[in-house]
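Report on the structure given below.
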Amino acid sequence: MIFGGAFDPLHQAHIYIAKRAVQAIKAQKLYFVPTAKAFFKSPIKASNQARLAMLRVALKALPQMAVSNFDIKAQNGFSFNTVQHFKQRFPNAELYFLIGSDKLSELAKWHNIEQLQKLCRFVCYERFGYPIDEQLVQQFNVRLLGKCPLDLASSEMFGSHKFRQIPAKVLHYIHQHNIYLKTILQTLLDEPRMQHCLRVGQLAKTLAVANKLDGKTAYTAGAYHDLAKQLPQAQLEKLAKVAGVNDYPSWKVLHSYAGAYILKHWYGLNNSAVFSAIWNHTVPPQKMSQLDMIIYLADKLEPMRVHEEWAKGIDITALVKLAKKDLKLAYQITLKYVRSLQKN
């Protein structure tokens, strides 16, 4: 059985459907075949190699399923070519092609659909919002699987709790390699703010390495530090309350708490060091970890800050240099300066 799609990202509905199809058809093997980026109708966010890797992580514990890189390797854009490839590979096998009801209405437009029907049989599951057209079922001799109970679409995973509907091991892999970091930022931030976040991430990584800390963790915390910065006040206050924050000097500091909460509870990033660094970057507590200090400094000292009015009273270049040798001293100097501005 062939199951094509972007899988960008793979989610629990994909796994549910695949298991249901294997069981219903009694298929010996189901192959996930990720579409080549150049041929998918919508922009694909993750690289070809990242999508293949995520699928392999997900399918390790599912021996009846495997990943095929045919479409990606061949830069193939037609399902007909995909099915031909599998027919050549398994000449005596009965081939099935798994589709959702959203694709059922498009079958008549598929390349070489008449020949394709001779090579395989279509198996269709019903997706939310795409009712089954019985006339098309008859026309294309489609076998129905029933309705998928999970209302999920890869295009709707970002900016909501639905991202948690990614298999746990895949979710861990995504965050380990920051596969969707820019996409997550773009969901909530405009371009200038996102670029600020990426610069903070880069400087945080540099400072972490200089202080013998993990650069990747620092980059992640730095890049995500302002994730919630542009949310409206009412939403920030609501998220802060849910996160347990009721006492704060101004609603403008709430993005740190909201951002940490969103990363953990929407996107499933369970890293206490990253959470702490983001949480503490607006109102630093008495006790700050090294990573906390690094994110605070990277936010205040990233390269473009030199053009901002508030930073004219400090030497950003000198403080960055100092932070590589004496992190705590650089933090204390910067914090003292920032607090002096707040008093004025």
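Yeah, the Cβs are placed from backbone N, Cα and C, and that goes for glycine too.
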Site-mate of His196, Asp226, Leu227, Ala228, Lys229, His281, Thr282, Asp299, Arg305 for ADP in Swiss-Prot, selected among His172, His175, His255:
His255
In the predicted model, what is the mean pLDDT computed over the domain 'HD' (193-304)?
98
Number of Cβ atoms other than its own within 10 Å, given for Asp299 (Fe cation binding site):
23
Cα-Cα distance linking His281 (ADP binding site) and Asp299 (Fe cation binding site), given in Å to the nearest integer:
8
DSSP helix/strand/coil residue counts for the domain 'HD' (193-304):
75 helix, 0 strand, 37 coil
His281 (ADP binding site) and His225 (Fe cation binding site), distance between Cα atoms, whole Å:
8
